[in-house]
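Presented below is the structure to which this report refers.
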Amino acid sequence: MPNLIILVFVGGAFGAMCREFIMLSVPRLADGFPMDIFVANIIAAFLLGLTTSFFKKDKINQYVHLMVGTGIMGGLSTFSSFVFGAVEMMKNPTEVLVSICYLVASLIVGFIAVELGLMIGPKEKPKDPQVASE
């Protein structure tokens, strides 16, 4: 059990460093749209879908899934910053519409990113009907 926690911890630290790199590299747009947080969350959503697909098809073991899926993707994505950014934008009456667009776009594009990750990952092999009937 402690080894699993260490894997998540190390993955989370690496994911947080990746998030900080993205936040330093991706500029905020002039209208206040937090593109840096949006990009980090969408990348994490896609990679979590992909990692989960590999895990479900037994292409990676539980240790890799915990370190990458829970640790790295958990450290990379940032729900608290997502919500905080939206709340801060809503304090400015001229940015309310941008804030709503940010929230909706994050959910829709995040959903699509997870689905793409799952679709790109390994596919389940169809079960052999003769094996099932024996």
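Yeah, the Cβs are placed from backbone N, Cα and C, and that goes for glycine too.
On a predicted model such as this, the values are computed, not experimentally measured, just so you know.
Per Swiss-Prot, the features are:
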TRANSMEM  4-24  transmembrane segment
TRANSMEM  35-55  transmembrane segment
TRANSMEM  67-87  transmembrane segment
BINDING   G74, S77  Na(+) binding site
TRANSMEM  100-120  transmembrane segment
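Here the transmembrane segment (4-24) has long-range neighbours at 36-37, 39-40, 43-44, 63, 66-68, 70-78, meaning same-chain residues at least 6 beyond its ends whose C-beta is under 8 angstroms from one of its own. Taking Cβ-Cβ distances under 8 Å and a sequence separation of 6 or more, the neighbours of S77 (Na(+) binding site) in its chain are G15, R19, A40, N41, A44, A45, L48. In the shown protein chains, 18 other C-beta atoms lie within 10 A of the C-beta of G74 (Na(+) binding site). In the three-state DSSP classification, S77 (Na(+) binding site) falls within coil.
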